[in-house]
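J.: One structure, pasted below without further comment.
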Ligand code: BGC
C-alpha cells in the first residue's frame, strides 16, 4: 500500500499485489515473490497471516464501536462509595444533590495497584447480574500499573520497579486481570491501557527515567495486548492529548510508535486510542485557549482528526475515545503542559456515543473527578513541583486519594451544570 516504486520479481516469478490488510493467506506459490514483499508493511502482513487466530473469549467476536447498540455503562461502586463518603461530610443540601448526580455519571475504574484487581471479578459478576433482564452492560476500566510508572513525573509513581522484578510483577498483574476477563465472556469491557506511558516514550526519552523504562514499557504493553486478546474486551492505548502529541513534530513519531506496539502483539483487541485522559482540553474549542498557540491541534477534535490519517498510514486502527470529565471550563491553565489539579476546572460534557466525527467512538469520563492528580506536600516522595504551580489547587493530597475541595469545585463549575 502506498508503494509506487519498481517491482523486484526474480526471473521466472510472477508479480502480484498482496492486500496489506488481509489476515488470510494469499494464494501465491512459494516461488512467487510479491511486488511489495521487500517492504516492512508486507512483512507485517505476513506476521499477521501466520499468527492470526480468533481471540479466545467466547460469544460473537464483534469488533465495531463498543459503545454502539444500546450498551449501558456500569457505574463504579468504588467511585460511588467515594462520592457517598464525600456527601456525608458536606453541609450544603444543593451540593449534596449535585454530588449525588455525579455518582450516576459513568467513569472508569482504575486498577492502579494489583491489590484492587480482585474487585474486577466483583464488578463483572455484578454487571452480569444486571444483564439478567436483557440490559447490555459495558464495564470501563484503566490498566495502570507499569513498572517505573509515570517516568517523567513523580506524582503517580507506582508500586513496581524495573530493577526489582517489575516486568514479572506486571505480567502477573495482567494475568490476574485476564483471569477475570475470561470468566465473564458475556460482559463487555472497555480498557484504557496505561495512561501517559507511550506518550512519554515519544517525547521524553531525554529523561533518563523514561529512557530506562523504554524497553520494559514496550515489553509490558505488548504482553498486556497479547493476554487481553479476548472477544469481550476493547482496548484503547492512551495517546496523551492535543497539547502533548498534537504538536506537528510529534504526530508522526507518535503514530509510528502506536503502530509498532499494535503490530508487536498481533492479533489483538486494540480498537484505537484514548485521548485527554485526566486532562482538561476541550473537545472542540470555538475560540482556542491562548496557551495552545503554535500547536496545529488546538483541541481534541483537531488532534484526533490530525492523527487519523497518520495512524491509518501505519496500519493502526483510527478510532478514539476522548475524556471530557474535567473539561467543562477552559482557559484556566498557565501553560498547556500543566496537569495537576488545575484550579477552576469543572465537570464537562457528559459521556455519549453521539460524537462530532465518526472516528470518535465515544466521549467518556476516564478520570474519576475528585480523585487527586498529585500531592502538593513537598516532603512526600511522590511530590511533583507541578502540583505547587500557581494554577494548581492546594493543599492537595496524594494522587488517587479523595480531594474534597477539588471535587466541590468540579461540581460547582460543571458545564453543562449539574
Ligand atoms: C493516580 C491513581 C488514580 C488515578 C485515577 C492517577 O493520577 O496515580 O492512583 O487511580 O489517577 O484517579
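Backbone N, Cα and C define each Cβ position, glycine as well.
According to TrEMBL, the protein carries these features:
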- 2-21: domain 'CBM1' (DOMAIN)
- 23-60: region 'Disordered' (REGION)
- 23-54: compositional bias 'Low complexity' (COMPBIAS)
- 110, 112, 241, 244, 279, 339, 367, 371: substrate binding site (BINDING)
- 196: active site, proton donor (ACT_SITE)
- 371-391: region 'Disordered' (REGION)
- 373: active site, proton acceptor (ACT_SITE)
- 375-391: compositional bias 'Polar residues' (COMPBIAS)
J.: Rounded to the nearest angstrom, how far is the Cα of residue 373 (active site, proton acceptor) from the Cα of residue 367 (substrate binding site)?
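T.: Rounded to the nearest whole number, the Cα-Cα distance is 9 Å.
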J.: From 110, 112, 241, 371, 373, which recorded positions have a C-beta atom under 6 Å away from some atom of ligand 1?
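T.: Listed by sequence, the hits are 110, 112, 371, 373.
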J.: Does anything in the same chain, at least 6 positions from residue 279 (substrate binding site), have a Cβ under 8 Å from its Cβ, and if so what?
T.: 241, 243, 323, 326, 327, 339
J.: So the record assigns 110, 112, 241, 244, 279, 339, 367, 371 to substrate. If I measure every Cα pair among those residues, what is the longest distance in angstrom, as a whole number?
T.: 23
J.: Distance check, please: Cα of residue 244 (substrate binding site) against Cα of residue 196 (active site, proton donor), rounded to an integer number of angstrom.
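T.: The separation of the Cα atoms works out to 10 Å.
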J.: Per 10 Å Cβ neighbour count, which of the recorded positions 112, 196, 371 ranks highest?
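T.: Most Cβ neighbours within 10 Å: 196.
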J.: Over the span of the region 'Disordered' (371-391), count residues by DSSP class, listing helix, strand and coil in order.
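T.: Breakdown, helix to coil: 4 helix, 1 strand, 16 coil.
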